[in-house]
Amino acid sequence: MIKHISCGRKRFTVGLDGKSQLPTALDVWGLSKNVLELPFRMLVRKYGCDVAFTPMIVSHSFIESEKARNCDFTTTIGDRPLIVQFAARHGTELADAAEIIYRYSDGVDLNCGCPQRWAIAEGYGACLLNKPDLIHDMIQQVRNRITDTKYTVSLKIRLHDDIRQSVEFCRQAEQAGASWISVHGRTKSQRTEAVNLDAIKIIKENLTIPVVGNGDVFHLNDAIKFQDSTGVDGVMSARGLLQNPSLFSGTEITSSSCIKDWINLSISFGTSFTNIHHHLMFMLGKVMPKSERKIFNSYTSLSSVIDHINMYSL
């Protein structure tokens, strides 16, 4: 998801109705698909996230199969602004997918950063970082297909080994008509290394479109420091929001209201117990001592989970 941080600079608009956002976003790389699905998107919207993303959807399957579309994409009233992220290999594929989703979203995002082996082997994700001409064509094909100027076309990238290559890649995307670019501050081969804030700052300084920064944002203060260090227009978080969906409202740990909201939202959307419990285990990781977490994680029914939460006034 994306969080807009007020910083005395011009805010940027993501699509819709002149609404200004400096995004706080939930980064999709390496996370379970369920993390970004509808109930969790609705939860983080209640706690300060300005723009939400879908999971990365493989465009070919989405175009060809109604079953895939019904499985991969759900939305509801209030699930806006919404950016639908696709994995695509060529312009026609991305434009076809964008045309299908247009009425239900505020923009499409092309994943050029997923470092997973399957994605790269299939021609998706981070392998696109070495194909700037293809990216240029993909953006333009979407622009030609969807003439609504408020509808955004964005990219999510990782850094190249040479920052000059990243700058040139982003410049070409901007020239092609990209609305904004999200930058994860690591290369495709890096996992736990420190986020390269200097590289993101250089990219931001060389573009006129908004840049959203991503990497190691676990607290609201991390997002503020990220913005101060790089000048980005928005900040994304992945693991941080998974552990604390109320992160962008300023809480250090998951608030009790957020825990209850998650259960209520999940029940209302028919979420499986496995997914409800899975998220709660992450949310309560810093709330409960280890011995109590062990008991909580062993539960196999929603009633046991709710009884535990009520008993400990969580």
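Heads up, the Cβ atoms here are built off N, Cα and C, so glycines get one too.
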FMN binding, same site as Q85, A238, R239 - TrEMBL member from H136, H184, H308: H184
For the domain 'DUS-like FMN-binding' (34-284), the mean pLDDT of the predicted model: 96
Of H184, R239 (the binding-site residues), the residue whose Cβ has the fewest other Cβ atoms within 10 Å: R239
Span of the FMN site, taken as the largest CA to CA distance across Q85, H184, A238, R239 (Å, rounded to a whole number): 18
Cα distance (Å, whole number) from C114 (active site, proton donor) to R239 (FMN binding site): 15
Cβ neighbour count within 10 Å of Q85 (FMN binding site): 21
Rounded inter-Cα distance in Å - Q85 (FMN binding site), C114 (active site, proton donor): 12
Distance, C114 (active site, proton donor) to A238 (FMN binding site) (CA atoms, angstrom): 13
